[in-house]
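To keep things clear, I will list the structure first and then write my remarks on it.
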């Protein structure tokens, strides 16, 4: 059995000097350890409460590579279970979502209530004449399930910090999407799913820390949608905001703490997002006053940038895309993309949000394709022995971290930096090399204290 010491995790990651060895993206032993110590110990996004509003409503998803079913209970609470029959490990729920009074295994017919209890075993008196203790063979329940403003998270590790503590200061940035209007948010439409042939850490890192790539990877989109020489805007539709935000922003920052990351520009108008269409742009202008009252000016104006909650929940504020990077081996990730909107928005605006999110960041989105091509090409190159063992530079903004005095929380830097990436890989290494959550927290705290010296 491979142990963390065998893998020399801290020799692969040197966050103090900004170095990473790309073998972390290819090694199957590292990947198996990730499934155990990251996806088995961290809070993972499961679903949005709007997807399971009534008792018996369920949504099927994954925690790492473990299939789980999330179910609204009769009392309104939410439970999640391993989607696996306790008889021969068969899946008990196949539909992506729906409403059910029970989950029945198609193999031998064992049936479970929505509370996870085993309620029926076919031919039980004949098959188990000695008796069967059904109370012992209910579905394996995810022991920790909590919600944050509509987002449902699960955790297998009962010793982990609670969800509120786990989120920490990233919650302030997350509220900029979840708390703009009275009534909160909801998921619009279904889930778009596709597979990218790359390690899950590539997209997670980019959404945590990388605004820098947009100037180059998305150059063609910026040229099409960007400002004309005469200063007027090109438009995809009525009200389309087109000028690149990094040209117009008065300030910008990146947040990186506890493995989480966020970055955004301080804009001066409530529709400063090049990737949204006219109806969405107008909606942001019309609802700005309410958002400012609830969030303050900085977050109310924040409609561009990047975000990731460690390990795999990412979102983009202005384009209303929320996505999860489900790992599928060391060289593959399955993307699940949701459109998240204010619940109070009109049906017309919600449809416009969905169109904008799909156009830019759907599986064939004009920005999504740029990103996917980058990640896939890197993964191909890392098949080479020398390539996957040659250290990479992670020095951008090294030593420039600070805490702001304007009420914006956490460890920050200028937006074009890798503060959040270094923090993400530090938390990653701490989790892989630690036996307990307390050890993880102590190591991360020591790293962050050193960063702020």
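Backbone N, Cα and C define each Cβ position, glycine as well.
In the three-state DSSP scheme, residue 87 ([2Fe-2S] cluster binding site) falls into the coil class. Less than 8 angstroms from the CB of residue 87 ([2Fe-2S] cluster binding site) sit 105, 107, 108, 110, 137, each of them six or more residues away in the same chain. According to Swiss-Prot, the feature [2Fe-2S] cluster binding site maps to 85, 87, 105, 108.
The Cβ of residue 218 (Fe cation binding site) lies under 8 Å from the Cβ of 367, 370, each of these being in the same chain and 6 or more residues away along the sequence. What Swiss-Prot lists as Fe cation binding site is 213, 218, and the listing cites sequence analysis.
Residues or ranges marked as domain 'Rieske' by Swiss-Prot on the basis of sequence analysis: 44-142. Counting residue by residue with DSSP, the domain 'Rieske' (44-142) contains 10 helix, 37 strand, 52 coil.
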Binding-site residues compared (85, 105) - highest count of Cβ atoms within 10 Å: 85
Shell list ([2Fe-2S] cluster; ref centroid = CB of 85, 87, 105, 108; cutoff 8 A): 86, 88, 90, 92, 107, 109, 110
Across the domain 'Rieske' (44-142), average pLDDT on the 0 to 100 scale: 98
